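Student: Have a look at the structure that comes next, please.
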Amino acid sequence: MAEAFVSAVVGVVASKVASVAVEKINQTRKLVDESTEPDLVSWSALISGYAQNGFARDAIWAFHEMHLLGLKCNEFTFPSVLKACAFTKDLELGRQVHGIVVVNGFESDEYVGNSLVVLYSKCGKFGDSRRLFEDIPERSVVSWNALFSCYVQSDYFGEAVELFREMVLSGIRPNEFSLSSMINACTGLEDSGEGRKIHGFLIKLGYDSDPFSKNALVDMYAKIGNLEDAVVVFEEIREPDIVSWNALIAGCVLHDKHDSALEFFGQMRLSGTHSNMFTLSSALKACAGIGLKELGRQLHCNLIKLNVGSDPFVHVGLIDMYSKSGLMNDARMVFNLMPDKDLIAWNAVISAHSQNGEDMEALLLFPLMHEAGVGFNQTTLSTVLKSVASLQVNYVCKQIHALSAKSGFESDRYVVNSLIDAYGKCALLEDATRIFRECLIVDLVGFTSMITAYSQSGQGEEALKLYLEMLDRGIEPDPYVCSSLLNACANLSAYEQGKQVHVHVLKHGFMYDNFAGNSLVNMYAKCGSIDDAERAFSSIPERGIVSWSAMIGGLAQHGHGKEALRVFNQMLKYGVSPNQITLVSVLCACNHAGLVTEAQKYFRSMKELFGFERMQEHYACMIDLLGRAGRLDEAMELVNTMPFQADGSVWGALLGAARIHKNVEIGQRAAEMLLILEPEKSGTHVLLANIYASVGMWNNVAKMRRLMKDCNVKKEPGVSWIEVKDKIYTFIAGDRSHVRSEEIYAKLDELSERLSKAGYIPKVEFDLHDVERDEKEKLLYHHSEKLAVAFGLIATPAGAPIRVKKNLRVCMDCHTAFKFISKIVSREIILRDINRYHHFKDGSCSCGDYW
């Protein structure tokens, strides 16, 4: 009787382990130890108590002790021991216990069999688990639940759903636990159709009023994105608890319905339901999503009242909220006050600095993280590499690469893609290409990074080749890779190839993606087709500031100043606020069209009208505009009164204006400053020499040429490109490497005769070579852009526009010649130089000779 009493007490105490402190467990153990002969019931009760309350190691040790005492387990002991093995995923010990089960003849017992099924599943041995399941002679719904719940917990959602169907077909009626597992499987599959079927089972079997099932349904619909269905089920719950509210609010946040999330959060508070840590974390994410700083601060106060200040999950949520609201000081304060900063917290604060453009801060935190002994993971490396790419610090990029290789992350897909992107943005194209080619499995992101790298490095042809390789591998494009390709075509002025990419955009349904739409506008504008750019702009469903800025900038570059201002005013009417880049485009539009008064209005009232200070770029545009208009004194006054030191763009604008108006004094002053700020650029020497040449100061021209020679300054060669039948052809001055060179030069000779008859006189005064006039005329005829145009005339259909791109400013002689040629041959010539577009048609240029 005494031993039976002890066994009963052990059972009662052990079953309440979860709600008592460790001392209570010790008391339970003490009762067993004090018993002179603890029987099987006592040991089974103790092992069960340990196993049920998560003390798996203690359960296993107790089993070991019991086994040493010679006591044999029964059908009640084995499930607890096997549960402990499953919890610790100790397959070796589990197999030993399995052997004891077989020896003792309990393998056919349903509960023992269910425990074995769970053990092997939890240890990843699903084949063994399924065989053991099949060996259970009479499988009840509990056995089926054991099997497919393990599949769900291991993310084998599809297999779990198939098992459920098999169970139903076998005639076994599912219970609420079966249906709960299936709801989780449908959530994992994001399969709303299958989820509705399970919902139907719940109603049919009468479990739809069960609060647990209702909450699971709300969670499923919310996570899948069927928020309307989630709300319908939620409203059917008589008394929603905190789990119900959390499922609904978290689902809204997951699908970026931040306003709805905060609306439900407010309703929850009005209902009298108290928030918990998970509720407030979701609300914080919603605040971060729509930038509600003050509400975020209030939630922070509520979290402090809940006394969850030491919870790292909460801290990370606060860092995320403050950083996305632009309050980096608050985000950093939260991080600094954390008592224990784990890896997730470090990653969060580094990412916060990176996302807010504080890339140097992000980089400086990385070594501090290392010193703290926290370690790092692929997320850390990818985030740091993003900041490296933004700062373009080559040596740090190589250091991070070495660290990635040393720590075993070099083969990680995210790190590899980040390395390709960082090397590409650091202009280390060979390194980027090597990593890309050495990668065994390259995904869409890797191709996009490499294509972007080629595009940004001016190797558009390589970018296009890589895109074709990507398609050959069966990788489907997305809007981002199409955008990178369009940028590559834009940089090459590859109009025909750009149109082909446009076809891919249409084919894959990306026209409604703003990212791809904006790139289309930019590509067509830079390929010289402003009409196509306008059509692409009109097809963008929701035009943001990037869309409007691209269109305004395109019109500006094509010399359509008044049209650019009309689009700008239209943008303002639609309620879209401009940014500083938009105003640069507006001033450029005024500049290219000579609209001085309009430019002055926007320049002077920028702060009052739009709320931001003028930048260097705004001053450079205004100074260039005043200079081109011949108001050089006003331009110089603006330079002298600028609130910051003038940079190369400002002095370059002044030098260009001095060349136009042959102002030697201002030209010399601007050149002096440019030689200090940008000594490596040859354009300064050339422009100053042009100014001297224009006023007949040939001794000074000779001095400039000697200076360039003594300083080893090499004039950047003029290069022109033209696209014919999807292929890009490149020309330099005097180039005879083309297979059709004889035809090209024959066409130039033919044009020379026709030009002379039309009244064209070569502008030899702008050629700085120390040779006779006849030789200068010959050199002018062989400029790269003239060669490209001549090739276009012989290689393109009659009447088709000729599109040429040049890396430098078009010279005065070529500009004059193209006006004549456009009339003589009745062809439109579209020339894109380093500054703008020139549309030559019927003997005139769209720039109105104002460039």
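Glycine too: its Cβ is placed from the backbone N, Cα and C atoms.
Nobody curates TrEMBL annotations by hand; they come from automatic prediction.
TrEMBL feature annotations, pasted as is:
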- 39-73: repeat 'PPR' (REPEAT)
- 140-174: repeat 'PPR' (REPEAT)
- 210-240: repeat 'PPR' (REPEAT)
- 241-275: repeat 'PPR' (REPEAT)
- 342-376: repeat 'PPR' (REPEAT)
- 443-477: repeat 'PPR' (REPEAT)
- 544-578: repeat 'PPR' (REPEAT)
- 759-851: domain 'DYW' (DOMAIN)
Student: Let me spell it out: take the repeat 'PPR' (140-174), skip the flanking residues so only those 6+ beyond its ends count, and list any with a Cβ under 8 Å from a Cβ in it.
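Tutor: Distal contacts: 110-111, 113-115, 117-118, 121-122, 124, 126, 129-130, 133, 181-182, 184-186, 188-189, 191, 194, 201, 205.
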Student: So what's the mean pLDDT when you look at the repeat 'PPR' (210-240)?
Tutor: 89
Student: Taking DSSP states H, G and I as helix and E and B as strand, how many residues of the repeat 'PPR' (140-174) are helix, strand and coil?
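Tutor: Within the repeat 'PPR' (140-174) the tally stands at 26 helix, 0 strand, 9 coil.
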Student: Tally of helix, strand and coil residues over the repeat 'PPR' (210-240) according to DSSP?
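Tutor: Summed by class, the stretch gives 24 helix, 0 strand, 7 coil.
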